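Heads up, the thing below is written out as structure tokens.
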Amino acid sequence: MPVTKCPRKVEPPWKGWDRKAQKNGLRHQVFAVNGDHYVGEWKGNLKHGKGTQVWKKSGAVYEGDWKFGKRDGYGSLSHPDPETGKLRRVYSGWWKGDKKSGYGIQFFGPKEYYEGEWCNNQRSGWGRMYYNNGDIYEGQWQNDKPEGEGMLRLKNGNRYEGIWERGMKNGHGRFFHLDHGQLFEGYWVDNVAKCGTMIDFGRDEAPEPTQFPIPKVEILDPDGVLKEALDKLMKPEEEEG
């Protein structure tokens, strides 16, 4: 009686190739078709865990946390300096879904940087900005601009404390002219002081005091006059139709 043998099941070669191509755990270096390369941890064929990504075209380098193929967690981004070619750190902080989110520091230049909160790659929340000209802004941000309460301290020591909107002084605020020994308190519209009061403030200690002190207000109801002017500014009369 003939003996029948069942053929041994052989795994197709492509299955082995596919299994070897699946990236999980630590890989020393993986290159993309465009020349980008990544060194670090993988999960389910996606960058996941700690890793370093280098973009060939821009030369940018990211070192930090990844989650399912996106920068997520804490990490640093560096770009090559256009003059020296050396890597220069441009951001260190938290990421979410491949975007800057949470607390982080962004370097715009050698002396210009921002430290504070981010949301979707924009400065949003509380933050402090150091400008190249020596000015410093500290306060609230929204959509990458000062928005809400904040203080701008100028290089010469003068400062504004008050409300900001769309990156400009808008609303109630106080401007300390410490170089001249005066204080203005009032209402701003798009960086222009519209109405308010000016008083002497630390005039005796000011480096460049005004020639004469501010005279006493002689009108009967200065507060009422100021309130009336402010009301008109806040609620302009409707144009006659």
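The backbone N, Cα and C atoms fix where each Cβ goes, glycine too.
Between the listed ranges 136-170, 206-240, Swiss-Prot ties the annotation region 'Interaction with TP53' to 206-240. Same-chain residues lying 6 or more positions outside the repeat 'MORN 2' (62-84) and placing a CB less than 8 Å from one of its CB atoms are 40-41, 43-44, 46-53, 90-99.
When averaged over the repeat 'MORN 5' (137-159), pLDDT in the model lands at 98.
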